[in-house]
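In Swiss-Prot this protein carries:
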type: ACT_SITE; residues: Glu199; note: active site, proton donor
type: ACT_SITE; residues: Glu316; note: active site, nucleophile
type: BINDING; residues: Trp83, Asn198, Tyr276, Trp354; note: substrate binding site
type: SIGNAL; residues: 1-23; note: signal peptide
Amino acid sequence: MSYARRSCICGLFLLFLALVCEANSGFIGVKDSHFELNGSPFLFNGFNSYWLMHVAADPTERYKVTEVLKDASVAGLSVCRTWAFSDGGDRALQISPGIYDERVFQGLDFVIAEAKKYGIRLILSFVNQWNDFGGKAQYVWWARNAGAQISNDDEFYTHPMLKKYLKNHIEKVVTRLNSITKVAYKDDPTIMAWELMNEPRDQADYSGKTVNGWVQEMASFVKSLDNKHLLEVGMEGFYGDSIPERKSVNPGYQVGTDFISNHLINEIDFATIHAYTDQWVSGQSDDAQLVWMEKWITSHWEDARNILKKPLVLAEFGKSSRGQGSRDIFMSSVYRNVYNLAKEGGTMAGSLVWQLMAHGMENYDDGYCIVLGQTPSTTQIISDQAHVMTALARSLN
């Protein structure tokens with residue numbers, strides 16, 4: 001390829017990025033149960049890449065972050081969900097309560113700066129239900145070491161010391177001044193939303209009332225620090241006691257949350273659901289799993305539209321990468337369902353597939369890895385959904 005042609009292609013790509021960034025300026029808001037950007041409906045297709053900050057903490061590995069965000073932008077993806085936590089352990093952001101590794105924080109700074117460059121919005125989560133990257137178990141361990149009497153990890157939602165630890169972390173993240181962009185996180189529209197917790201569960205109170213109290217307290221605290229950004233809980237979508245008949249939609253069990261009551265809290269701006277048929281309804285055939293999946297999505301869309309009156313995001317879904325053909329069929333079906341519901345006014349706002357990675361990241365692969373370009377059929381399905389959702393948003397304007 002000639003130098004002139006390479007220069008032309010590079011120039012066109014930079015122009016494309018400039019136009020994308022200009023179109024994406026401003027904060028995402030909510031109006032009449034749908035997302036809005038600069039006065040127009042906002043629909044999207046997006047992805048999860050939980051590892052971005054963890055990898056970017058090492059400057060020699062930041063090219064992996066750039067690769068994923070660049071490839072996602074080229075494919076038309078516009079929202080990414082990732083972690084703003086790493087509590088204890090390897091490359092910890094929060095080494096101990098209130099003590100942070102600036103090197104890791106600068107990794108998150110880089111993630112936000114790169115996302116802005118490629119026109120991708122971020123949903124940033126504050127803490128994990130699970131032990132990966134610390135989670136609530138790490139908070140409990142810290143509190144016990146400080147002398148607190150805690151009987152189980154689910155006291156995370158009620159114990160004053162644990163709630164104080166989390167509030168300190170939330171404030172540290174929300175008020176952070178980005179070392180690269182020189183913009184405080186709370187003032188940066190690159191961030192679409194904050195997430196209170198990845199997949200909160202409470203085995204000590206299946207009614208969802210304990211988690212509800214915690215969500216109310218934490219949501220009010222976040223909004224006291226930042227009323228510009230949207231806020232969501234991080235829910236998987238399990239129904240609880242508020243509408244008993246809806247519990248039949250659950251995959252056979254409850255987890256101590258209540259999709260309805262937890263999302264009716266005023267400070268929560270939109271609802272989320274997750275879905276993993278390989279795990280939740282593993283004994284069923286692929287066809288039966290697709291039927292269950294459609295019912296799961298549609299039931300929550302009905303409730304988001306009619307009861308919550310808030311947008312709904314399928315914030316995690318995935319299919320094992322062991323069978324590419326079955327995964328492509330599954331993803332096409334899910335995307336078709338999301339699109340068809342989005343046509344009904346935009347309450348169903350988009351979906352975030354789990355998960356995108358860069359080349360050479362096998363050690364991070366949890367069985368759901370997608371490398372854009374490495375599996376052309378899957379990449380095409382993802383990109384097609386991004387473009388039809390963008391076109392649909394324009395038609396709803």
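Note that Cβ sites are derived from N, Cα and C of the backbone, with glycine treated the same way.
The two recorded residues, Trp83 (substrate binding site) and Glu316 (active site, nucleophile), show a Cα separation of 13 Å. Of all the binding-site residues listed (Trp83, Tyr276, Trp354), Trp83 sits in the most crowded Cβ setting, with the most other Cβ atoms within 10 Å. For Glu199 (active site, proton donor), the same-chain residues lying six or more positions away in sequence with a CB closer than 8 A to its CB are Asn128, Gln129, Trp130, Gly234, Met235, Glu236, His274. Counting only residues at least six positions away in the same chain, the Cβ atoms of Trp83, Ser125, Val127, Asn128, Gln129, Trp130, Gly234 sit under 8 Å from the Cβ of Asn198 (substrate binding site). Tyr276 (substrate binding site) and the residue listed as 'active site, nucleophile' have their C-alpha atoms 8 Å apart, to the nearest angstrom. Here the residue listed as 'active site, nucleophile' is positioned 6 angstrom away from Trp354 (substrate binding site), judged by their C-alpha atoms.
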